[in-house]
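Q: Here it is, the structure, as structure tokens.
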Amino acid sequence: MEQQDQSMKEGRLTLVLALATLIAAFGSSFQYGYNVAAVNSPALLMQQFYNETYYGRTGEFMEDFPLTLLWSVTVSMFPFGGFIGSLLVGPLVNKFGRKGALLFNNIFSIVPAILMGCSRVATSFELIIISRLLVGICAGVSSNVVPMYLGELAPKNLRGALGVVPQLFITVGILVAQIFGLRNLLANVDGWPILLGLTGVPAALQLLLLPFFPESPRYLLIQKKDEAAAKKALQTLRGWDSVDREVAEIRQEDEAEKAAGFISVLKLFRMRSLRWQLLSIIVLMGGQQLSGVNAIYYYADQIYLSAGVPEEHVQYVTAGTGAVNVVMTFCAVFVVELLGRRLLLLLGFSICLIACCVLTAALALQDTVSWMPYISIVCVISYVIGHALGPSPIPALLITEIFLQSSRPSAFMVGGSVHWLSNFTVGLIFPFIQEGLGPYSFIVFAVICLLTTIYIFLIVPETKAKTFIEINQIFTKMNKVSEVYPEKEELKELPPVTSEQ
């Protein structure tokens, strides 16, 4: 009875844990979502600014092709920066810690926020392009570090719920940018620099508030070897002094991983004991972006117009779609511990698969069947619901759960790189797919959804309510290795690396 009471106390959501989660997610994940959508509404106004700036310098306006190219570079700088940010994750979290990396990362938000806010006054579109690269780096770091930080703060029974919170704040950021981006608010000639500059507000708040909250106890004990600090952090997070059982669990992981040290990305790819974990995050992160989520949003306005929505009202319908995304991700926070990660992934990708197939038929028939555009709208909303339940929030959560402390930073670097490269690839090639396949474009995404669903069904285990060591034992059997920490033996066979730390 006493042990059960202790488990209940250790597993509760305390005020400190809740506030740490909200500040980390609002200060970092929110910015990611905000910057995804912030340039969509004022796109034409910003291109006009580019052209006027060029005219002021040269006395002539740009041709259509260089203007389109310049805008494409502006948009693509964000995912490119995200890729760079993903590569910085390992070095930052190992040097500064999880909390320290988030605080350092605010540089890549506050500086570009000031630059973008001043770009119109300075008559420099170059400031916007550079700033988009910097906020991309910020998003690349935060999209990996926030799930890692929250996953290491949370007790095992809350790890799923808190692990979905970053994705919830990404969707909230998208919705807020869509609302602020309404033409009668900030998507106008005077307002768009303010719209872009507001991204610095969450960063400034995080910079002020996050230092008062604990660092990851796992980082403190396993990597900094400071058990006293780790115990104090756990006591603050759990709201009571008796945290010996959790400290013992972290110490057990530390003892088992001492021989492993820091596992680099190169070692990660060479280790048989991490084979299925690595392949799983590549498939899930690739499937998340290549399943067509960005293409759906790209196509949504056209679908709404074809259904008879007046052009001046499309912006409100788009914001409504963003609200659906927020609501369904909010639901995922509460059901992830009830239904589990695996079921939400299977359900989410299956809904996306069906939505892509029906949408293909609806787009092909919309000129001959009068009510087909309404089916298209249903498909868009259904896809958004499906993606918000599983494919969007779960993959980053699983990276935290299926890797141990020594390999987790490198795993996030790999997963983040796949995420951003896939994001960039879809943005680059979808217009060509659309031009070549027309209404059948979404068949490509349906196939990816199908393949990802099959992989999840056959390979990905359930991780709900399991400790990191218990999850590692599941993959030990899958990888056909003889012990829970086989990297100790494998690392002996690798050539020595002198500058690995």
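Each Cβ is built from the backbone N, Cα and C atoms, and glycine gets one as well.
Just lifted these from Swiss-Prot, have a look:
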- 1-18: topological domain 'Cytoplasmic' (TOPO_DOM)
- MET1: N-acetylmethionine (MOD_RES)
- 19-39: transmembrane segment (TRANSMEM)
- TYR32, GLN167, GLN288, ILE296, TYR297, TYR298, HIS387, HIS419, TRP420: D-fructose binding site (BINDING)
- 40-68: topological domain 'Extracellular' (TOPO_DOM)
- ASN51: N-linked glycosylation site (CARBOHYD)
- 69-91: transmembrane segment (TRANSMEM)
- 92-98: topological domain 'Cytoplasmic' (TOPO_DOM)
- 99-119: transmembrane segment (TRANSMEM)
- 120-126: topological domain 'Extracellular' (TOPO_DOM)
- 127-149: transmembrane segment (TRANSMEM)
- 150-161: topological domain 'Cytoplasmic' (TOPO_DOM)
- 162-182: transmembrane segment (TRANSMEM)
- 193-213: transmembrane segment (TRANSMEM)
- 214-277: topological domain 'Cytoplasmic' (TOPO_DOM)
- 278-298: transmembrane segment (TRANSMEM)
- 299-313: topological domain 'Extracellular' (TOPO_DOM)
- 314-334: transmembrane segment (TRANSMEM)
- 335-342: topological domain 'Cytoplasmic' (TOPO_DOM)
- 343-363: transmembrane segment (TRANSMEM)
- 364-371: topological domain 'Extracellular' (TOPO_DOM)
- 372-394: transmembrane segment (TRANSMEM)
- 395-412: topological domain 'Cytoplasmic' (TOPO_DOM)
- 413-433: transmembrane segment (TRANSMEM)
- 434-439: topological domain 'Extracellular' (TOPO_DOM)
- 440-460: transmembrane segment (TRANSMEM)
- 461-501: topological domain 'Cytoplasmic' (TOPO_DOM)
Q: Most Cβ neighbours within 10 Å: which of the recorded positions ASN51, GLN288 is it?
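A: Of ASN51, GLN288, the one with the most crowded Cβ is GLN288.
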Q: Go through 69-91, 162-182, 193-213, 372-394 and flag the stretch with the largest number of C-beta pairs under 8 Å relative to the transmembrane segment (343-363).
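A: Between the stretches 69-91, 162-182, 193-213, 372-394, 372-394 has the largest tally.
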Q: Between the binding-site residues TYR32, TYR297, TRP420, where is the Cβ count within 10 Å the lowest?
A: TYR297
Q: Tell me the Cα distance separating ASN51 (N-linked glycosylation site) from TYR297 (D-fructose binding site), rounded to the nearest angstrom.
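A: Cα of TYR297 (D-fructose binding site) to Cα of ASN51 (N-linked glycosylation site) measures 27 Å after rounding.
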Q: Per DSSP, how many helix, strand and coil residues does the topological domain 'Cytoplasmic' (214-277) have?
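A: So the topological domain 'Cytoplasmic' (214-277) is made up of 45 helix, 0 strand, 19 coil.
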Q: Check the transmembrane segment (19-39) against the transmembrane segment (440-460) for contact, please; criterion is three or more CB pairs under 8 Å, pairs 6 or more apart in sequence.
A: no
Q: If I count Cβ-Cβ pairs under 8 A between the transmembrane segment (162-182) and each of 99-119, 193-213, 372-394, 413-433, 440-460, which range comes out on top?
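A: Looking only at 99-119, 193-213, 372-394, 413-433, 440-460, the most contacts with the transmembrane segment (162-182) come from 372-394.
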Q: Rank 278-298, 372-394, 440-460 by Cβ pairs under 8 Å to the transmembrane segment (413-433) and hand me the top one.
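A: Stretch with maximum Cβ contacts: 278-298.
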Q: When you scan the chain for residues with a C-beta under 8 Å from the transmembrane segment (278-298), skipping those not six or more beyond its ends, what do you find?
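A: For the transmembrane segment (278-298), the sequence-distant neighbours (Cβ-Cβ under 8 Å, at least 6 residues beyond its ends) are 268-269, 321, 345, 349, 352, 356, 380, 383-384, 387, 391-392, 394-395, 398-399, 402, 411, 414-416, 418-419, 422-423, 425-427, 430, 434, 441-442, 444-445, 448-449, 451-452, 455-456, 459-460.
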Q: I'm trying to understand the geometry here, so how far is the Cα atom of TYR32 (D-fructose binding site) from the Cα atom of ASN51 (N-linked glycosylation site), in Å to the nearest whole number?
A: 28
